[in-house]
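**Q** Here it is, the structure in full.
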C-alpha cells in the first residue's frame, strides 16, 4: 500500500538508464572509432557501415514488433536465405521468356515479398492458431528453410544470371543523392516502424498483448490477430531485406543469412525492447543495429583486437544490455 | 487475556523517500490473543505488518520482542524469532509439491539425504490440523486459492510460529473455508500464539478478534477490545466519516421499464446451461451463487469472452449475435472482470495506456491522439476520484481501490449501455466501496442496465433491485422485492432444504 509514493520524481529529471544506456554506448563507440582511425568518420566508411546494417536493421524493425507482442522468430536468417534462393531460381527461369529488364526485377521482388509474407504467416499461424511455443515453431522453420535452400542449391551456390546481376546491381550500389538504396529503405522502414509502434493502435495492441495477453483479450484486443500480423510483417520485411541483399552478391547458398536471427534479436534487446514482451521501441533497435555494426567496423579498421573476436564482443554486449534492463526494471 | 506483549511497535514511523506513510504507530501483540488490524487501502496496514515481520526496517521507533528492542536485518531473523507472515498473494513455490513447500529451506535430513518419511508424516499431521485434504505430493500450482491458504498455515505450524501475521487471509476463501481457518486460528490462539490479521470483512473481525486496532492515514485512530466496538463504529473510525448508509437508496417505483437485454437459453459448455433472464433499463440486477456456480463464466460467455451459445439474445429489442468481445462492445454491452490484476489492467503500464486500451478506436484514426488520451485521463481522475501519486506511475503500484476505480473508468470509456461488473469491490476498502456503489446506482438512474455479480451477500442485497441465483450452472431462482434476503438466496444457491446456515460465497 501507498507504494504510489515510492518513486518520487522518477523519469522526470533524467531519462532512465534503459533509455540512456544504448545512446551512451553508441556515442562511446563513435568516439573510440574516431580516435583509432582517421578514416572512421569518412563518408565512405559511414555509408558502408549503414548499407551493411540495412539488412539486419530492416529485419530487426520487424523483430521489434514480434518481441514486443510477446513472440520470437528464430527463422529469419534461414528465411532470408530461402527467399534469396527462390528469387534467383524464379528470375533465372523467367529470363528466357522475359529477358533482362525492369519487369523481371519486379517479378523477383514480388516473389520475395509474397514468399516473405507467406513464411511469416506460417510462423504466425503455428504460434497463434495451433498455440505452439514461438521458440519451437521458429526453431523448426529455421531448420526447414535452411535445409530447403541447401537442397535447392544442391549443396552449392545458386547464382543469378550474370547479365541479370549486372542489371540488378544498382539496387544495392546506387541511390539518390549519394545515399544508397538500402540505407533509404532502412530509414523509411525505421520511420514508419517507429510511428506505428509508438503512435498507432496496432503498436499499442502489440504492447498490450506482450504485457498480458489475458488483459488484452478482456480489453477487446484480438490477441491472435495482433500476433499473426507481427509475424507476417516480419516476413514481409525479411522479403524486403532480401530484395536489397540479392544484388549485392548475386547468389544464395547454405551459408547465406547465417546468424542473422541472432544479430536481429540482439539489436532489439540492446535497444531496450523487453525480451518477454510488453514494451518495444524501434529507434532503440536502430541504435542496437548501429552498435553491432560499429563494433564490427572498428575491429576491421584497427588491428587492436582480431575481427574473429567480433562475436565474443557482441555476446558480452547483449548480456550487459539485459543486465541493464533488469536493473532498470528493479528500480522502476 | 494474558500478560506482557510478545511483539510490539513503539512510535514507529516509516518513510518512502520524502513521504512518511506511518506516523508514530504503536501496537501490541499478546500471546493467546487475536489482534485485528483494520483500515482502508493505503492506511498503512501492509507496511505495519512488513515492519513487524522484519520485511522492511522502520524509519524510526522501536520494535520490542518480549520487551527487548530488536532490529531484524533480514526476514530470516524474523522467522528465527518465531514470527511468520502469510501474504495475501502467497509465498509458495508453484512448481513444488505441498510437502516440498512446507519444508522449503528447512528440509529435514538424515545424514546427507532428505528424511522423506519424517517430512511426509509431519506434513500429513499439519494438513490434518488445518483440515486440508490435499495430498502432500500435489503441485501447489494445482491447488485452489483456499487450499494454498491452508498450506501456508500448515507451513506456519511447521515453523512453530509464536507470532502469526496474516494479510487478508479470508479474501480468497469461501464461507466454509473461513470457518475452518477460524477454528484453526482459535486453536493456535489457545496454544499461546499471538495472531494479527487484517480483513475488510468487519463481520469476521467482530467474530474472531480479541482486540481491534484501526489505522487511518498512517496513524492509529482506535485501539481497544473487540467487544467494545461495533461494526459501524469500526467503519466510521476507518473512513473518518459515517458510512452507515453504505448502499445508495433503491428507486421506489415498481413501474417496469423496457427490457434492455433479453437472454434465453445461454449455454457455456462445462459451466452453465439454459440461462435466461431480462435486464430492464435503470435496473441493477444482482447475480448470486456459490463459487463454481458458473456466474462468471455465464456472463463471460454472454460477452463473447469465452465460447458460448444462446438461443436468443436481444439488446434493445433487436436480436444480436455475440461471438467475440468486439461484438458485445458494438452493442453497448461491456463486462468488467473480477480479476483486476490478471485480466483487468496492464500492471507494468501507466494509467493512460490502461484507460484507453479497450476503446482505443475513440482516440484518433490510424494514429493515437495522445492529447485526447490525456484529456480522458484528466476526466477519469476527476470523475472516479483516482488517487495516483503521478500520472506516469505504473498501475501495479496503485492501491487496490484505485486500481478498481481505474478499471471502472476504463470500461466506461467504451460507453456501454449495459454494464456487467464482476466482484466490483473485492479486496477494497469500505470508503471506496461506497463510491463504487454510488457510481453504479447513478449509472442505473441515468438509464443504463447494470448486472452485479458478487460473492458478498450484503452487497447483492444492498445494491440489487432483483437477484438471479445460480446453482451448478443453472438459474435456480429470480428474486425481487422482499424476497431478496440472505436466507432465500442461500437456500436457492445451496438447493432447497440444504443447511441454510452455510454462508454463500
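Here the Cβ of each residue, glycine as well, is placed from N, Cα and C on the backbone.
A quick note: this is a predicted structure, and the numbers were derived from the prediction, not measured.
Below are the features listed in TrEMBL for this protein:
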TRANSMEM  A:20-43  transmembrane segment
TRANSMEM  A:49-67  transmembrane segment
TRANSMEM  A:74-94  transmembrane segment
TRANSMEM  A:100-122  transmembrane segment
TRANSMEM  A:134-153  transmembrane segment
TRANSMEM  A:173-196  transmembrane segment
TRANSMEM  A:228-246  transmembrane segment
TRANSMEM  A:258-275  transmembrane segment
TRANSMEM  A:282-299  transmembrane segment
TRANSMEM  A:305-324  transmembrane segment
**Q** Output the single range from A:20-43, A:74-94, A:228-246, A:305-324 maximising the number of Cβ pairs under 8 Å to the transmembrane segment (A:282-299).
**A** A:20-43
**Q** Which of A:49-67, A:74-94, A:228-246, A:305-324 has the most Cβ pairs closer than 8 Å to the transmembrane segment (A:100-122)?
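**A** The listed stretch sharing the most Cβ pairs with the transmembrane segment (A:100-122) is A:228-246.
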**Q** The transmembrane segment (A:20-43) and the transmembrane segment (A:74-94): do they have three or more Cβ pairs under 8 Å, with pairs 6 or more apart in sequence?
**A** no
**Q** So if I exclude everything within five residues of the ends of the transmembrane segment (A:228-246), which remaining residues of that chain have a CB under 8 angstroms from its CBs? That is, six or more out.
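**A** For the transmembrane segment (A:228-246), the far contacts come to 54-56, 58-59, 61-63, 65-66, 68-69, 71, 73, 76, 79-80, 83-84, 87-88, 108-109, 112-121, 123-125, 127-128, 160, 168, 171-172, 181-182, 185, 189, 202, 206, 252, 256-257.
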**Q** Relative to the transmembrane segment (A:49-67), which of A:20-43, A:173-196, A:305-324 accounts for the most Cβ pairs at distances under 8 Å?
**A** A:173-196
**Q** Under 8 Å between C-beta atoms and at least six residues away from its ends: which parts of the chain pack against the transmembrane segment (A:173-196)?
**A** 43, 47, 50-51, 53-55, 57-58, 61-62, 64-65, 202-203, 237, 240, 244, 247-248, 281-283, 286
